[in-house]
Amino acid sequence: MGGGERGGRAGRGWVGPQLLACHPPHKVLPGPVLRTLERGKATPSSASLGTRDPSGGSRMAWWKAWMEQEGVTVKGSPHFNPEPDAEALYTAMKGIGTNEQAIIDVLTRRSNAQRQQIARSFKAQFGKDLTETLQSELSGKFERLMVALMYPPYRYEAKELHEAMKGLGTKEGVIIEILASRTKNHLREIMKAYEADYGSSLEEDIQADTSGYLERILVCLLQGSRDDVSGFVDPGQAVQDAQDLYAAGEKIHGTDEMKFITILCTRSATHLLRVFEEYERIAGKSIEDSIKSETHGSLEEAMLTVVKCTRNLHSYFAERLYYALKGAGTRDGTLIRNIVSRSEIDLNLIKCQFTKMYGKTLGSMIEPVLPKDRRAPRKPARATDGSPTPRPTEG
C-alpha cells in the first residue's frame, strides 16, 4: 500500500508540542512546552464522536462540531501588534547563531492570519522575506515546522500535495489524506492555491502521477461532489445504495470498483452513514471488511479513508497521529502536517478523541521523541505583544 512519508534531513531539535496549544495565542504558552497540550478545554459531544442514538440511527459524525467551531484552538490575540513580533524574530536570527526559543515564542502564539501580518511587517522593516530567512537560519525538523506555520492554510496544503507528487515516487497517502478529509469548499480553495503557486492544475497533476482506479477515486474526491452538511437522508436511496454496493462486491466474483467509487465519493456523509448501516444488515459484515476483501493497495487505503472520515473525522486524524508516533522512528511529515493544518479547525476535538481511543494523551506520546533539551524553554518566555507573561498553571 502506498503513502509512506519520505524522511527529512537531520535537524537541531524537535518542538512539535508547542504547536498543540489549546488556548487562543494571546494566552502565552506555559513554561514546559508539553503542558500546552494537556490544558485543552474542549470536550466533544457524543454527536461529534459519531455515536449512535438508542433508535439505531447514526448521528452526525463531525460536521456539527466543526460548523460550531467547538474544536478551534487558535483564534488570535486581541492585543496583537505585528511590528514588535517582527522585530523579535529579526533579533532572534541576526548575527552568529539563532535564538530558536524566541522564534517559537512568537510563531506558536499567533494565528495564521496574524503570522501573515508579521511576515509583511518583517519585510517592510528589514527588507527580507520572513519564510526565506527562516529557511536559511534553521534546518531539519525545526525548519520544516516553522516554515509550515508561515504558509496560509490552503497554500500549505497545496504545497504538501505538490511535494507528494514531485520527483521520483508518489506519496499517495498524503494525497488520500488531504482529499478525503477536506470539505468541498476547502478543496476548491486548495485547487486555486495550487494553480496560483505552481502554474498547473491539481487535477491534471494527479492524473499524470497516478493511474487506474486510484486515479479515478482521487479525481472524484477532488470534484467535491459530496454534500458536507446535509441533514437529509432518503431511506429508500440508502437501501438501494447498500444493495448496489453488495451487488458490486460480495455478491459477485470480482469487484465493480467504479460502483464503490461513485457511491463513496458523491453521497453526503449523513447519507453514507445510513448506507453503511443498511449494508451491514444486507451483507452481514461491515463496509470496511468488504473493502478489505474486495480491494487492495492504495485503492483500499483511499476507500477506507473515505469511510473513516465519514464515520468520525476526529478519530481518523487521531489514528494518523498515533501511527505517526508509534513504533521505530517518527513520521514527521504526517505529525507536522496534521497538527499545523488542524490547529485552527478542530485540534482540541482530535486530542480528546485520541485520549479516548488510546488511553493516553497526544502529548504523552510526543514527549519521548523530544530531545531532552527541547522539553522546556531555555529561558523564561516574554510576550511580544506587551502583555505580561503568565506563570504556568497545573492542569
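Cβ atoms are placed via backbone N, Cα and C, with glycine included.
Database features (TrEMBL):
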type	residues	note
BINDING	GLY327, GLY329	Ca(2+) binding site
REGION	37-56	region 'Disordered'
REGION	369-395	region 'Disordered'
Cβ packing number for GLY329 (Ca(2+) binding site), 10 Å threshold: 11
C-beta crowding around GLY327 (Ca(2+) binding site), within 10 angstroms: 8
